[in-house]
Each structure stands twice: as C-alpha cells, then as structure tokens.
Amino acid sequence: MPSSCVAAPATECRDLADPAPAPAHRVAIEWPRKRRARNWKPHLPRERLLERGPAALTDAELVALLLGTGGGGRDVFDSARALLARFGDSLRDMLDAQPGVFTTHPGIGDARAAVLIAVTEITRRALVEKARRRMPIDSPGAVEDYLRLRIGMRPYEVFVTLYLDARHGLIEVEESARGSLTRMAVYPREIVRRALMLNAASLIIAHNHPSGAVQPSAEDRRLTRVLHEALALVDAKLLDHVVVGTADTFSFARAGWL
C-alpha cells in the first residue's frame, strides 16, 4: 500500500538521563478507489451501454457492437447502417433472415456472420421458450404463434407433434422428421405408439413450408386423414394440423377439415 513518511520537527536538547522520545511518524494512507480507464469515451456505444443500459443505443449502434469493426471500406457504424438498410431498417427482418444472407453482405466475413447467426438463434430459442411457457393450448392463435416461432423460418421442412393430456395440458413437443413430406419418414404408427407411451389424450401436428406458402398439399391432407383414423383406434384425438409459413399459418381445424 503506498504511503508517505514525514519526519517530525527537531526536538530540543535534553539531558542524557532523560532520553528523547522516539521520533513520531505520520503515515498518509491512500485508499484504493475506482478509476475510469484512461481511454474511457462515454460518447461511444459500448461505454453508453454499460453506463446507461441498452435502451440508450440506436438499432444501428447495437448492430455495430456485434460487428466489432468495419469492413469493405466502411467504418463499423456505416457497415451496421448498411446491413440494417438491407432489411428495411427492421431488426426483426434481420433476425428472421436465413443464415447465408449475412455472408453475402459486403464487409461481413465468416467470423462476423457467425456472431450474427448466433445472436439470431439465441433470440429465436428464447422466444420459443417464452412462448411455450405461456402457451394456452386451448388458444389456437397462441399455438400457431408458438409454431411459427419454432419452425417458421427453418430452411427445410420439419414435422412437429404436440402431445396433450386429457385437459389439453402440454406433455411434450417433439420434432419427428425433417426433409419434405413426400420424402421424410413420418410414420403414423410411430406417432400413435409415442402417444400411448406418453398417455396422451390428444395431439396437434404441424409442419412448415420453407417456400412461405401455407396451402396444404394433397400429401398433407392424406397424412392428416391417416393419422386421424389411426389415433381414433386408441381413443386419442387429432385436434389440428397446422401448416406454418414464414408469416402465416393454415389450420385444418379452422378450415373444417378435421
């Protein structure tokens, strides 16, 4: 600990029999204190975020923090603004973009693209988790919103099954297959077997169309009919089949097809 020692004033002459007291020392103690970094710049986004919170930053400044540095002859703020402009200045559209889109943007290499893709996926998973916790199964709109978050932006087809108890409480959500409905292995007997294992009273099935169109195909309708009949044999019910696009959904139940 740093200290400074100061000599006491000279003492008067004393008799040898009367020894002089030991000289006193005054110690100045400097307590440690927080100091700003020498190069702290409160006007920069990172410093303002730490001092005032993320709400103090613009969308472009938040994106700039993710990019870290500029590229393609631009500084980082110009790069962030250009990236947002590509998506109509919409953070949501940027987060909904397919992963490969980022690597085609000037100045964004694999490292920066990986950061953006990771943030996109973290955001998506957090929203899916939040939606699942709050999802009332007896609300078709809430179920469709959850499914759109979970599989709406996948670049390939995914088949999802929601297993429900007798009170329409959610038991489990499982992704049964990937690919396309004409090629992926969706076996009604396996879904029925899983329903029996989970003691499920009813099910909701869903799959996405990466093209964005939600009109069911003939194969979609055939699979729905076969599964509906197979579940009826074990006293379980197919409540709905939801086709999920990027921005819309189609409900077999709402259309009167179940």
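Cβ coordinates come from backbone N, Cα and C, glycine included.
HIS207 (Zn(2+) binding site) carries a strand DSSP state (E or B). The number of other CB atoms found within 10 A of the CB of HIS207 (Zn(2+) binding site), across every protein chain shown, is 27. Residues or ranges marked as Zn(2+) binding site by Swiss-Prot: HIS207, HIS209, ASP220.
Per Swiss-Prot, the feature domain 'MPN' maps to 136-258; the stated evidence is sequence analysis.
Residues or ranges marked as motif 'JAMM motif' by Swiss-Prot on the basis of sequence analysis: 207-220. Beyond its flanks by at least six residues, the motif 'JAMM motif' (207-220) meets 151-152, 154-160, 181-182, 241, 243-250, 252 of its own chain at Cβ-Cβ distances under 8 Å.
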Can you tell me how the residues of the domain 'MPN' (136-258) break down into helix, strand and coil by DSSP? 37 helix, 36 strand, 50 coil
For the domain 'MPN' (136-258), would you mind checking the mean pLDDT of the predicted model? 89
